[in-house]
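According to Swiss-Prot:
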type: DOMAIN; residues: 92-150; note: domain 'CBS 1'
type: DOMAIN; residues: 151-207; note: domain 'CBS 2'
type: BINDING; residues: ASP244, GLY294, VAL295, GLY296; note: NAD(+) binding site
type: BINDING; residues: GLY296, GLY298, CYS301, GLU467, SER468; note: K(+) binding site
type: BINDING; residues: SER299, ASP334, GLY335, GLY336, GLY357, SER358, TYR381, ARG382, GLY383, MET384, ALA385, GLU413; note: IMP binding site
type: ACT_SITE; residues: CYS301; note: active site, thioimidate intermediate
Amino acid sequence: MEFKEGLTFDDVLLVPKYSDITSRSQTDLTTKLSRNITINIPFVSANMDTVTESSMAVAMARAGGIGIIHRFLTIQEQANEVLKVKRSGSVMIENPYSISSDKSIQDALDYAEDKEISGLLVVDSNSKLVGIVTERDLLFAGSNGTIADVMTKDVVTAKPGVSLDEAKDILHKHRIEKLPIVDDSGIIQGLITSKDITNNTDYPNASKDKKGRPLVGAAVGVKGDFLERSESLLNAGADVLVVDIAHGHSENAISTVRNIKKAFPDCELIAGNIATAQGAEDLIKAGVDAVKVGVGSGSICITRVITGSGVPQLTAVMDCAKIGNDHGIPIISDGGTRTSGDATKALAAGASSVMVGSMLGGTDESPGTVLTKNGKRFKVYRGMASLAASIGRKSKETGSISLEDDLNDYVAEGVEAMVPYKGTVTDILKQLAGGVRSGLSYCGAHTIPQMQQNAEFIKMSRAGFAESQPHDVLLM
């Protein structure tokens, strides 16, 4: 039996090359997420229930990346998370939330809380705009009475086709924050808010769809409701779907890809996880638009320990990237990234983007509450193949769990852990992107594709790795 050498990020360094780059701002981190989707920084937040829901996905898109909403929600809950992202940054909300004027004030309060919005357009029985109700109107109104009693009736509106500059002038002139767009019949066609205009200005590097809304992806499984879930997510506005399975080089994954592509041929579809060239080849033949690479490399993954299977991440990326390049299909490196240097190595090895989980877990935008232990703050971070995640998933799917059966039947390939509380994800993404920009400059590259052409790896010993770390000093 022949043994192949497998290397990961800590086994190698990139050899510095001549660079004509005088400032990191001269580098361009634009890259392909999938066949037809471009993002402005090469980072994707992992589809994990302790990493990505709408708050994380919004932050990722504003920074120029993309978030993948995890699938361990009901179909409607997951679709709502996608909708929240799309509504968070659209210059014009196409289907703004509205409520009938004869509904109670309590109905408006409940609806606004459920949708996490600050105001509602008010319509009559013919769906024509008759008013607007905001938090200010409802603040001291109590719960009795109808919306018609408290709404603002004299609403400033604009016609379809109004330009952004015209909308800004109208909002400023009338000192208002919301501008409904109505046609000649009084039917609502959209809504422009001052907040959305501000967001459009404040995040110039944001990744957006053709309508100017934040990019967002969502994960689906390979069993049960995956087609129904896919349809709901696409209808909600998901830009890309991710077929999410631990062993992506399997008939379950391949048949799911084919079925989704058959039902939704225009859907951008990512699938994984795989770790070999043949796995990439088979998924690409099935119709994927990007391949997610990484088996057992994540910080909370114990697949390699439990099953004995896996490929060191750098070798896996390099092997799969050769196949991806042959077919024009991007590769996503998923797992094992602990530093911006690791991300740079993954990109240099052929990945078009890097999926990150543990680095983003513990941030304000990740789901979950902050815990305090021994005077320090943490958040829970768990693998999606952990027992806790499996039980949570089954509870969502069936509405009940049998702990005895779950413990007997399930073999965990992930663990549940705590990661330090890190504050906002924005700062982490700035550091990651800045590190990769510096990495490009050391490789004499202005772009990620140019770095992949220039890249030269050198294998290092454990002594070389130790030399690469801070040493012979007492860290403060």
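Just so you know, glycine gets a Cβ as well, placed from its N, Cα and C.
Features per Swiss-Prot, on structure.
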residue : record              : contacts (Cβ under 8 Å, 6+ apart)
VAL295  : NAD(+) binding site : ALA246, HIS247, ASN273, ILE274, ALA275, THR303, ARG304, SER309, GLY310, VAL311, ALA316, GLY335
GLY296  : NAD(+) binding site : ALA275, ILE302, THR303, ARG304, VAL305, THR307, SER309, GLY310, GLY335
GLY357  : IMP binding site    : SER45, ALA46, MET48, VAL51, GLY298, SER299, ILE300, GLY335, TYR381
GLU467  : K(+) binding site   : none
SER468  : K(+) binding site   : LEU13, MET460
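For ASP244 (NAD(+) binding site), the count of additional Cβ atoms within 10 Å of its Cβ stands at 27 [all protein chains shown]. Residue counts of the domain 'CBS 1' (92-150) by helix, strand and coil are 19 helix, 18 strand, 22 coil (DSSP-based). Cα separation, ASP244 (NAD(+) binding site) to CYS301 (K(+) binding site), rounded: 15 Å. For the NAD(+) site, the Cβ centre of ASP244, GLY294, VAL295, GLY296 serves as reference, and the other residues of the chain with Cβ at most 8 Å from it are ALA246, GLY248, GLY272, ASN273, ILE274, ALA275, LYS292, VAL293, SER297, GLY298, CYS301, THR303, GLY310, ASP334, GLY335. Most other Cβ atoms within 10 A: among the binding-site residues GLY294, GLY298, that distinction falls to GLY294. For the recorded site, SER468 (K(+) binding site), the DSSP three-state label reads helix. For GLY335 (IMP binding site), the count of additional Cβ atoms within 10 Å of its Cβ stands at 27 [all protein chains shown]. The binding-site residues listed here are SER299, CYS301; among them, CYS301 has the most other Cβ atoms within 10 Å of its own Cβ. Cα spacing between CYS301 (K(+) binding site) and GLY294 (NAD(+) binding site): 10 Å, rounded to the nearest whole number. A coil conformation is recorded for GLY298 (K(+) binding site) in the three-state DSSP classification, outside any helix or strand.
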